[in-house]
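To start, the structure under review is shown below, and the notes come after it.
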């Protein structure tokens with residue numbers, strides 16, 4: 001079967017068909033079961049992080065090296081010519097002349113699409129502001145499939161910062177293709193954006209608003225927790241919402257046996273450490289799946305056949 005992702009930019013989940021998502025999912029599972037160290041042999045990847053990152057940057061760079069490739073780049077935009085006023089378009093033009101693909105994280109919404117417009121090589125969005133985070137979505141799909149055995153018609157609860165959390169936006173856009181049902185738990189000021197709920201309506205996916213994490217845990221197959229992103233608020237606003245939706249082990253007492261709690265990490269206090277010892281906790285395994293998901297993205301974008 002032809003590779004539907006060869007030489008493609010990976011900018012937004014909404015750009016990808018269900019066929020492309022399934023290809024990415026199955027490739028990630030295959031590479032997890034049977035790793036290969038030759039798929040990026042002779043390839044040089046630009047890792048361009050204008051915003052702080054631990055898991056995303058390190059798992060992408062791990063993926064490149066596990067596949068036999070090499071990485072150049074930076075982990076702080078303050079140490080680049082962007083500090084001197086160089087435009088993102090010019091940066092993309094320059095780095096695409098050095099590399100076979102660019103992995104980019106940027107604090108500005110839409111930055112990945114700008115880079116893709118001016119790059120001569122594929123651009124992989126590692127997060128652009130509050131907008132999209134497609135590689136996180138793929139590792140979430142891998143984890144959900146791994147724990148539930150399917151993606152079709154699952155019950156997905158999302159809690160915390162649903163307004164600014166790019167991970168939940170991308171995940172809704174992906175899982176609507178499998179007819180999932182959603183529940184949202186958040187302060188009103190951090191509710192899921194209208195454009196996402198409108199997309200769910202158009203796809204015929206049901207969703208509900210729940211008032212507590214206990215309700216969500218009892219209802220869901222997956223409880224996807226998010227961090228209230230302090231860096232996106234001033235101190236006064238943050239104080240009003242901090243600690244409103246924090247998960248503790250006691251809240252999982254009526255959860256179904258198959259419930260898994262996921263989190264894109266880092267966590268602060270929204271998941272108490274006592275949850276870690278429950279059979280429902282799966283966020284550390286989820287983070288590990290980031291390597292395989294990103295191996296799949298890089299392999300498919302840079303090889304005609306995998």
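Every residue gets a Cβ built from N, Cα and C, even glycine.
The feature carbamoyl phosphate binding site is assigned by Swiss-Prot to 55, 56, 105, 133, 136, 265, 266, with sequence analysis given as support. In the three-state DSSP scheme, residue 266 (carbamoyl phosphate binding site) falls into the coil class. Residues near residue 266 (carbamoyl phosphate binding site) in space but far in sequence (CB under 8 A, at least 6 apart, same chain), listed by position: 54, 55, 227.
The L-aspartate binding site feature in Swiss-Prot is assigned to 84, 166, 227; the stated evidence is sequence analysis. Classification of residue 166 (L-aspartate binding site) by DSSP places it within a helix. Under a cutoff of 8 A between CB atoms, and with a sequence separation of 6+ in the same chain, the neighbours of residue 166 (L-aspartate binding site) are 127, 128, 129, 130, 131, 132, 133, 136.
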Inter-residue C-alpha distance, residue 56 (carbamoyl phosphate binding site) and residue 84 (L-aspartate binding site) (nearest angstrom): 26
Residues within 8 Å of the 55, 56, 105, 133, 136, 265, 266 Cβ centre (excluding the carbamoyl phosphate site residues themselves): 53, 54, 126, 127, 167, 264, 290
Under 8 Å by Cβ from residue 84 (L-aspartate binding site), counting only residues of that chain that are 6 or more apart: none
